[in-house]
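Enquirer: Dumping the structure here so I can ask a few things about it.
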Amino acid sequence: MAKITGNLVATGLKFGIVTARFNDFINDKLLSGAIDTLVRHGAYENDIDTAWVPGAFEIPLVAKKMANSGKYDAVICLGTVIRGSTTHYDYVCNEAAKGIGAVALETGVPVIFGVLTTENIEQAIERAGTKAGNKGSECALGAIEIVNVLKAI
C-alpha cells in the first residue's frame, strides 16, 4: 500500500493570495504570516501575487480568476468576519466558505480557506499572530502541502 504525502518545500511553486480589505488590521497580519511562511519554505517573493478585495464575500470570484489563470499552483484566501448583531455574519461566512470550496473543486487548483469567522475581535486578534498562532501562516503550510500531495499522485 502506497502512502502519499506532501512535503513542505515551496521552491519553484507560485502562489496567489486573495485578501479582504474589510478588517484589514487583522488581515494584514494574516497576509504577512502567509508570505513569511511561503518564503521560509523556499518560495520566492516574486512567485507570490496578492490581490485585495473589498470583503470576504468577494474573495471567491477573484480566487476563481486566479485559479483559472494557470499561473498559480495554489490560491490562499484570507479574510476576517466578526459576528455583529445581525444575521449578515451568517450569510457572508456561508457564502465565502461555499464559494472558496467550489473554486477548488471546479478548477482542480488548491484553494485554501483562511477566512477567520469569529465571535468577537479578541478571537480574531488571537488568530492573527498572538496566542492562537497565525492562521495565515497555517494556510500557507496547507497550500504547500496540498500542492505537493497532488504532484505526488
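Backbone N, Cα and C define each Cβ position, glycine as well.
Pasting the relevant annotations from Swiss-Prot:
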- PHE22, ALA56, PHE57, GLU58, THR80, VAL81, ILE82, PHE113: 5-amino-6-(D-ribitylamino)uracil binding site (BINDING)
- SER85, THR86, ARG127: (2S)-2-hydroxy-3-oxobutyl phosphate binding site (BINDING)
- HIS88: active site, proton donor (ACT_SITE)
Enquirer: Reduced to three states, what secondary structure does DSSP give PHE113 (5-amino-6-(D-ribitylamino)uracil binding site)?
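Expert: Looking at the DSSP assignment, PHE113 (5-amino-6-(D-ribitylamino)uracil binding site) belongs to a strand.
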Enquirer: Ten-angstrom check, please: count other Cβ atoms within 10 Å of the Cβ of ALA56 (5-amino-6-(D-ribitylamino)uracil binding site), all chains counted.
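Expert: Within a 10 Å radius of the Cβ of ALA56 (5-amino-6-(D-ribitylamino)uracil binding site) lie 28 other Cβ atoms.
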Enquirer: Using DSSP reduced to three states, classify PHE57 (5-amino-6-(D-ribitylamino)uracil binding site) as helix, strand or coil.
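Expert: Once the DSSP labels are grouped into three classes, PHE57 (5-amino-6-(D-ribitylamino)uracil binding site) ends up as helix.
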Enquirer: Tell me the coarse DSSP state (helix, strand, coil) of ILE82 (5-amino-6-(D-ribitylamino)uracil binding site).
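Expert: DSSP assigns ILE82 (5-amino-6-(D-ribitylamino)uracil binding site) to strand.
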Enquirer: Please work out the number of neighbouring Cβ atoms within 10 Å of the Cβ of THR86 ((2S)-2-hydroxy-3-oxobutyl phosphate binding site), leaving out its own Cβ.
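Expert: Neighbour count, Cβ to Cβ under the 10 Å cut-off: 8.
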Enquirer: Give the distance between the Cα atoms of VAL81 (5-amino-6-(D-ribitylamino)uracil binding site) and HIS88 (active site, proton donor), rounded to the nearest whole Å.
Expert: 10
Enquirer: Ten-angstrom check, please: count other Cβ atoms within 10 Å of the Cβ of THR80 (5-amino-6-(D-ribitylamino)uracil binding site), all chains counted.
Expert: 28
Enquirer: DSSP secondary structure for the residue listed as 'active site, proton donor', reduced to helix/strand/coil, please.
Expert: helix
Enquirer: State which of the following binding-site residues has the fewest other Cβ atoms within 10 Å around its Cβ: VAL81, ILE82.
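Expert: Output over binding-site residues VAL81, ILE82: least Cβ neighbours within 10 Å is ILE82.
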Enquirer: Counting distance between Cα atoms, which of the recorded positions SER85, THR86, HIS88 is nearest ALA56 (5-amino-6-(D-ribitylamino)uracil binding site)?
Expert: HIS88
Enquirer: Measure from the Cα of PHE113 (5-amino-6-(D-ribitylamino)uracil binding site) to the Cα of every one of the recorded positions SER85, HIS88, ARG127, then give the nearest.
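Expert: Minimum Cα distance from PHE113 (5-amino-6-(D-ribitylamino)uracil binding site) across SER85, HIS88, ARG127 lands on ARG127.
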Enquirer: Using C-alpha atoms only, work out the spacing between SER85 ((2S)-2-hydroxy-3-oxobutyl phosphate binding site) and GLU58 (5-amino-6-(D-ribitylamino)uracil binding site) and round it to an integer in Å.
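Expert: Each residue's Cα considered, SER85 ((2S)-2-hydroxy-3-oxobutyl phosphate binding site) and GLU58 (5-amino-6-(D-ribitylamino)uracil binding site) end up 21 Å apart.
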Enquirer: On a count of neighbouring CB atoms within 10 A, which of the binding-site residues PHE22, PHE57 is highest?
Expert: PHE57
